[in-house]
Every structure is written in C-alpha cells, then in structure tokens.
Amino acid sequence: MASPRRINFIGEADTRLTDSSDKIEAKCTFDAYDWTKIDQSASYRLSEFLFKAERVMAEAYGVLVNTDEAGAVFVTNFRLLFLSGGSREVIALGTIPLATIEKFNKIVKDEVIDKRRNQEEAKKVIKQPSGTRQAEKTPTRRLLQVVGKDMRIIIFAFRPRTKQRRAVFVALSRWTRPARLWDLYAFSSGPSRCPATNPKVRLLNEYYRLLGMGSLRSSTSTVEHGSFKLSNDWLRITDVNASYDMCSTYPFALLVPKSIRDKDLLKACTFRARCRLPAISWCDKRTGAVLARSSQPLVGLMMNMRSNADENLVGALCTRLSSGKEGRSRKLYIADARPRKNALANGAMGGGSESSSNYFQSEIVFFGIDNIHAMRESLVRLRDYLDTHGTKSSDGMSSFLRNGGWTWGGGNLSSMSASVSTFGDSGWLIHIQNVLAGSAWIAARVALESASMLVHCSDGWDRTTQLVALASLLLDPYYRTIEGFQALVEKDWLAFGHPFSDRAGMPSFCGSGNIPLELSRHSSSPNISISTSLRQSSGPLTSQAAASSNTQHSNNYSPIFLQWVDCVSQLLRMYPFAFEFSSAFLVDFLDCVLSCRFGNFLCNSENEREKAGVFEACSCLWEHLNAMRVSEGSSHVHYNIFYKPSKHDGPLLPPAAALAPTLWPQFHLRWACPSETQPGEIEAQCRNMMEKYSELERAKEVAERFTREITMSVKSLTADLLNESHVSNSAVSLAKKASRQNTCIKRAIESLGYRVRVSANIDDNHTADIEDHPADLTQIITSSPTTETVGGGDIYDEKTDMFVSIAVAADDNDVPVNPTNRKCESLCPLRTRDGGCRWPNAGCARLRSQFVGLRADYDAFDRLSIQDSYFQPE
C-alpha cells in the first residue's frame with residue numbers, strides 16, 4: 001500500500017522517539033547487535049509521506065528480523081510503518097496496513113544459536129543454562145511477530161528491558177481491530193476529491209446492459225423515483241426489495257423472470273435461507289439462458305418440505321427455446337457448491353438441497369467445495385510453508401535459507417510442483433482447482449447447451465459468489481475488461497451481500513462492539529502464536545499471553561475473496577490474451593481491499609453500507625485505481641500488454657486438463673521470495689518496448705505540436721506575403737495604368753501637331769510642355785488631380801477600358817479667337833466640307849462649347865489609311 005518515499009533526516013523532528021535507546025546502524029547482523037550504542041537523537045520527518053488524516057500513535061526503534069534492517073517503527077491509525085535508519089526510506093516488507101494484520105504476538109527468545117561454521121551445522125542449537133548471571137551475559141530478545149493476510153510474516157526485535165515493544169503492542173491492540181466501524185481510517189480520511197458514481201446507479205447500468213439496453217444510463221434521480229423497472233421479453237427489474245424488507249442482504253433492485261409477480265417473490269423468499277431467493281445474476285441475450293443464485297432451500301430434516309412459489313420461480317428460469325416449430329423448454333441445472341454430505345447434514349438445521357423431482361426438467365450437481373473454515377486453515381498452512389522456505393524468512397536465525405543453503409529449494413521456489421504435497425500439505429491449490437472446475441463446468445453448460453443454472457451453497461454469499469462471478473467472467477468478455485471487472489465485483493460481491501467485514505475480521509455496522517482486537521487461526525490449529533519457521537528453529541520460545549486478544553477467535557474470518565482473485569489470476573495465466581488487466585492490477589486491487597482504506601468493501605451488505613453512509617463519508621477504491629493509471633495511460637502496469645480482444649471475443653471454456661493451478665507468484669511469493677515475482681523475460685522486454693513506444697509517442701506528440709505551430713506561422717506569413725503581393729500588384733497596375741494614360745495623352749496631343757517635352761522637377765514631379773505656341777498655349781500635365789481646368793475632353797480606349805482626360809489651361813482671351821480652336825478646326829483630317837466629322841466616335845471639338853477637347857478612338861485612328869482624307873479634292 002505504501003510506496004517507498006524518501007524521508008528527510010533533520011535536527012528538529014516532527015515526531016521524536018521517547019525511549020532512551022540509540023540510533024541503530026542500518027544493515028547489521030541480528031546476532032551482533034550492540035544495543036548500548038543505540039543513539040536516540042535520530043528523528044524523521046513524517047509529514048512528507050503520511051496520508052491524509054493519518055496520525056502517529058506509537059513509535060519505537062527496532063530491527064526488522066526478516067532482513068536485518070534497523071530503523072524506526074511507527075504505529076499510525078492506518079498502518080504499521082517501518083523506516084530504515086540508514087536510507088530514511090519506507091521498507092515495504094515492514095510496512096503493513098493495520099486492517100491487513102491477521103494477528104500479532106509477543107515472543108521472548110533466549111540466546112540459543114551459536115555462529116554456524118558451515119551448512120552441515122546450520123540446525124545445531126546450543127541452549128544456554130538459565131540463571132541470573134547468564135541472563136546478564138546473554139539477554140533475552142524482545143520480539144514482536146506480525147502475521148498478515150497478504151501472505152507475510154514479519155518479526156521486529158526491540159531492546160531488552162525497555163517498554164518500546166509494549167508501546168507498539170498496545171497501539172496495535174487499539175487500532176488493529178477497532179470496536180466501532182467509524183474508528184476505521186476510511187472514515188477519517190474522508191471522501192474522494194472527485195465524487196464517484198453512486199454504486200446503486202452502477203448496478204442499474206449493469207442490469208440495463210444485461211437486458212440489452214446498454215444505451216440507457218441510470219442516475220441518482222432514477223434510483224430515488226424508482227423509475228428503473230424496465231424489462232425485455234424474458235426478464236424485468238423489480239424494486240420489491242427497495243427498502244430491504246424482503247431480504248436485508250440482497251440489493252435494492254433484482255433481476256427476475258418477467259412472468260413472476262412481486263407478491264410471488266415475497267412468498268418464495270420464505271422457503272430459502274436468510275430469504276435469499278433465486279435471483280438472476282447474468283443472462284445470455286442471444287439464447288435467453290440465465291445464471292441465477294440463491295441460498296439453500298429449507299426442506300427440513302426429512303427433506304420433504306416444498307414451496308409452490310419457489311418451484312414456480314425456479315421453473316420460470318427455464319424460458320422456452322426459440323429453435324424449432326413448437327419450441328421446447330431448456331434444461332435447468334441446480335449446482336450445489338457443497339459436498340453432498342454437508343448438504344445432508346444441514347438438514348438437521350432445516351436446510352438441505354433440492355430434489356430434482358420437484359423441479360421440472362432439472363438436474364442436481366454437487367461440486368464438493370469446502371467451507372470457509374477449511375479455506376482459512378489451508379491459507380495458514382501455505383503461508384507458514386512459504387515463510388519457512390523463502391529467502392525472507394521471519395526467523396532471523398535461519399539465515400542459511402536466505403543464502404541458498406542445503407534445505408529444499410534453497411529459498412528458490414520457481415521449481416516447485418503444483419502438487420499439494422509440495423506445499424506442506426496445505427491443500428490451497430486443491431481448493432483453487434475445485435472452484436475453477438466448478439465454474440468451468442457451469443460456463444460450459446450455459447454456453448454449449450443453452451441451459452439455465454441455479455447456483456447456491458448454504459447462505460449463498462461465499463462459495464455461491466465465487467462460482468457465479470467466475471462463471472460470468474468465463475462467459476462474458478465484457479467482464480474481462482477493467483471496467484467490466486469493476487461491474488462484476490460490484491454486482492456479485494458487493495450488491496449480493498458477501499460479508500466482507502466478517503470475512504476480514506473488521507467491525508460491521510450491526511456489530512455490538514465485541515469484535516476481537518486480534519484474529520487468530522482456527523481453534524483446530526495448535527501453537528497459534530508461533531510460526532512454523534520459528535518452531536523449527538532451536539531454542540525455547542515462550543508466547544506472551546498477557547493480551548486477551550490472543551485468546552480470542554473469529555470463526556467467521558476466511559480468505560474467500562482472496563481465493564476468488566487467485567482463481568482469476570489462474571485464468572489470466574491460462575489466457576494471457578483474453579484479459580485487459582494484468583496480474584499487477586489484481587495485486588494492487590487486493591491490497592486495497594485488505595487494507596480497508598476505502599469504503600467500497602466495508603460492512604456486510606449494501607443495506608449496511610447505506611445505513612452507515614459509507615458512500616458519502618469514505619473514499620472510492622475505483623477512483624483511486626483509475627488515478628493510478630491516468631498518469632501513464634495504456635502503458636501502465638495495470639494493463640495487460642498481451643491483451644487482444646478479438647482473439648477471445650466469446651466464452652472461455654478451459655479443458656479439464658488445463659485446470660492445474662500453480663502458485664500466484666506476484667501475490668504469494670512477493671514477501672517470502674521476491675525474486676520469483678519478477679516478470680518473465682518476454683514480458684519484461686515487451687514492457688521495455690512499451691515504455692520506449694510511449695516515449696516515442698510523447699516525442700511524436702511534441703513534434704506534431706511543434707509542426708502545427710510552425711505550420712500556423714507559415715500560413716500566417718504566407719497570408720501576409722499574399723497581402724503584400726496584392727498591394728504590390730495593385731501599385732504596379734496603377735503605375736501601368738498611369739503610364740498608359742500618359743502615352744495616350746502624348747499620342748493625342750501629338751496627333752494635333754504639337755510636340756511634347758517631358759521634364760522632371762527637383763521634387764520628382766513630371767511636367768509635359770506642349771511646344772508650338774508657347775506664348776499662347778501652355779499645358780502642364782501632372783499626376784495631381786488638383787489642376788484647375790476650363791476645358792477638356794475624354795478619350796475612351798477600348799483596349800485599356802479607360803477614359804483619358806486632357807485638360808487645357810485657359811487664357812483670358814475669348815474662345816472665338818483661341819488659336820487652338822482654329823488649329824483644330826482647320827487641321828482636323830476627319831472634318832467634312834459640311835462641318836461634320838467622318839470619325840463616328842470622335843466627338844470632336846465643337847466651336848464655342850464650354851470646353852475644347854478631344855475624345856478619340858485610338859484603335860480606329862490607327863486603322864486609318866493615309867489616303868483617307870489627306871489628298872481628297874476639295
């Protein structure tokens with residue numbers, strides 16, 4: 001849970017250790033500790049890594065015997081925290097959430113082992129004689145053993161004749177098993193920053209998907225107004241349990257056959273244990289086959305009790321097949337997860353199993369899965385065996401195991417066989433195989449025969465949930481995604497009331513406050529306070545029974561959910577391309593569940609969580625896991641790099657020969673033998689390639705973003721250049737137009753017999769003088785439009801599509817005596833005898849008009865021949 005974070009060593013401590021013992025040098029041999037050299041001046045800054053609302057309750061200096069690491073031990077309201085004295089870092093092995101601690105014990109061990117000279121003498125023990133003087137020479141060791149639900153056994157050593165161990169033990173007794181639900185850290189930390197979706201809303205969305213209405217989305221108002229009662233041709237959603245009056249451990253909404261009325265459901269529930277009537281957990285939208293769950297029927301001691309309502313409800317699960325003209329009813333299998341003898345024994349308490357003669361076209365099958373007590377004992381034996389043969393043994397004296405000694409395996413578990421005898425006769429893998437085989441059989445009957453299935457055990461919330469959830473995972477590819485896995489866990493484990501608080505040994509909403517402060521193993525397991533490895537080592541071990549918590553037992557604790565997640569990891573190993581999530585995701589998910597840091601898995605049912613206000617008061621586990629994946633995206637370790645949904649887009653039906661489970665190294669061996677948890681060579685290479693690919697993708701995104709910026713800059717500059725080019729073209733066009741105007745003016749004037757002289761002034765203004773009668777006529781042509789004119793004319797040029805105006809400066813003389821007028825009148829080559837003009841478009845100068853000018857069609861003018869008018873007789 002706690003990732004290693006760097007701790008700064010400072011002079012002024014945030015929290016200071018209170019005992020008078022010296023700082024222990026980091027990494028030293030347990031046998032050679034010189035407690036007299038311990039310095040108390042060491043201090044640690046805890047504020048940098050403590051979680052929100054996490055407070056330190058006790059602190060001490062000690063040694064983690066598993067690794068010979070010396071440092072500081074802190075007990076907070078959330079976890080037992082161990083910090084290295086040398087590196088000031090969190091040591092993961094010695095840091096464990098309080099809720100994950102199964103039990104803890106005081107142990108006093110005398111000096112018993114002499115230094116081993118070779119591996120042959122590794123188990124020889126020299127017991128020192130008792131006595132006061134001898135005790136002074138070889139003081140006893142104050143040990144504290146902590147056993148976790150996550151397969152670790154750790155031991156801390158404290159200096160003799162101090163109260164450090166006692167302070168840690170008292171703090172653990174107070175905070176490991178709080179008497180009230182609200183004392184858990186999940187309530188102290190508060191809700192998530194980002195509000196999560198209501199679990200009821202998520203349950204309804206999953207029901208909509210099963211009904212084939214996945215496009216519909218539920219909301220809080222839908223739940224409050226009860227407007228979620230939808231149906232298809234076969235099934236419907238009912239609110240008969242909306243107030244949890246019918247069944248306190250069932251969800252508020254149930255999926256039932258459409259033909260069954262609510263009043264019939266109320267009658268049927270009385271025939272099942274704890275009123276857990278048959279309810280549909282999964283359905284096949286193509287064939288109409290359903291996977292239902294319930295508790296055992298109350299058939300009585302003589303196995304002769306019946307219920308018409310229950311029989312009708314179970315019979316309604318067998319909808320008629322659509323194939324064939326007349327159609328036929330599908331077969332119904334009733335799967336009892338218990339051994340047959342256990343089912344018969346429950347008849348003494350009113351329970352039992354169904355009779356196939358009472359249920360139409362049905363068949364009863366017993367899977368022989370043991371109860372919660374057998375599972376608890378099996379996991380305890382497996383944990384002790386791994387701790388004994390692992391490289392990180394909790395027995396500090398068995399260093400020969402850590403160094404690859406002569407004992408079996410030498411601490412290397414990779415060559416272990418899958419047989420149960422190899423693991424100290426724990427039976428854990430046999431239980432895993434039974435659950436896998438039962439789930440595979442259920443999935444095969446539903447997928448291959450289109451048969452309906454009713455699954456139950458005694459109460460219908462332990463083995464039933466394992467089988468139904470695992471079979472759903474095999475049948476539906478959606479549940480093999482991260483989103484679908486969440487929906488599956490919330491539907492079958494949380495909504496249908498698996499008692500997480502009882503199975504984890506945590507207080508529930510209905511608890512009376514007598515919850516044991518410390519869980520021990522089942523009463524059938526002797527020597528509860530001493531691990532197998534410690535028992536094998538030489539020397540007398542005496543268990544401190546001062547705390548009453550060590551004598552208390554909790555028969556309801558059992559690793560049922562852990563076992564189911566282990567089964568999922570086995571399927572992930574068999575079908576590496578079928579799952580979106582990885583084994584690392586399952587480990588982190590299971591650690592979060594065991595830590596009770598989040599509110600999702602508190603209490604025993606949906607009803608209790610709602611009454612306790614867990615959803616509003618606590619953080620959400622799913623939001624936490626999502627936040628872990630956001631930073632790295634698809635390259636995160638939670639994603640399976642081999643996932644290929646198209647390869648397994650249908651049911652997974654593993655053959656019986658493939659159901660040979662092995663140890664789950666990422667979870668079972670991570671503390672006892674960490675080297676075994678490393679990914680395989682191919683996976684490691686793929687991970688490296690994925691990381692490099694992600695780096696290249698990020699570099700590509702940066703390059704593309706830079707390219708887009710450059711492209712936008714180029715487009716902007718191109719637009720500016722086009723604008724400048726347009727302005728330049730306009731200026732050139734105007735200059736050409738002006739040049740054509742000047743040329744036209746020059747030709748027009750020269751056609752009148754005048755000469756044009758162009759000169760430039762100092763200010764670069766050009767002037768044109770018309771020479772012939774300089775005394776009488778001076779025309780100044782400039783580009784300025786402000787020249788005052790008294791006469792003129794427009795010349796239209798069809799080729800250039802413009803008019804050219806010629807302005808003539810007027811003198812003070814009258815128009816009739818204007819020599820220009822006379823010149824124009826006498827010299828015009830197109831003038832006729834009668835005073836007309838042979839140039840149709842000329843509009844030539846008119847005598848005594850308000851201006852004297854010339855409008856000419858220069859194209860027509862150029863086409864005139866020299867014989868046209870110059871040599872015509874008068």
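Placed from the backbone N, Cα and C atoms, the Cβ positions cover glycine too.
Among the features that TrEMBL reports, region 'Disordered' is placed at 120-139 (among others).
Neighbour count (other Cβ atoms within 10 Å of the Cβ, all protein chains): 28 for Arg463 (substrate binding site). Per TrEMBL, substrate binding site is recorded for Asn371, Ile372, Cys457, Ser458, Asp459, Gly460, Trp461, Asp462, Arg463.
As annotated by TrEMBL, active site, phosphocysteine intermediate applies to Cys457. Around Cys457 (substrate binding site), the C-beta neighbours below 8 angstroms that are at least 6 residues distant in the chain are Ser295, Gln296, Asp336, Ala337, Arg338, Ile369, Arg463, Thr464.
What TrEMBL records for 533-552 (among others) is region 'Disordered'.
The annotation compositional bias 'Polar residues' is assigned in TrEMBL to 534-552.
The Cβ of Trp461 (substrate binding site) has Thr249, Arg276, Ser295, Phe496, Gly497, His498, Pro499 as same-chain neighbours under 8 Å, each 6 or more residues away in sequence.
Largest Cα-Cα distance over the residues recorded as binding substrate, namely Asn371, Ile372, Cys457, Ser458, Asp459, Gly460, Trp461, Asp462, Arg463, equals 12 Å. Annotation for Asp459 (substrate binding site): spatial neighbours Ala273, Arg274, Arg276, Ser295, Gln296, criterion Cβ-Cβ under 8 Å with sequence separation of six or more.
Excluding Asn371, Ile372, Cys457, Ser458, Asp459, Gly460, Trp461, Asp462, Arg463, which define the substrate site, the same chain contributes Ala337, Thr464 within 8 Å (Cβ to the Cβ centroid), listed in sequence order. Sequence-distant contacts of Asn371 (substrate binding site), defined by Cβ-Cβ distance under 8 angstroms and a gap of at least six in the same chain, are Arg338, Asn342, Ser458, Asp462, Arg463.
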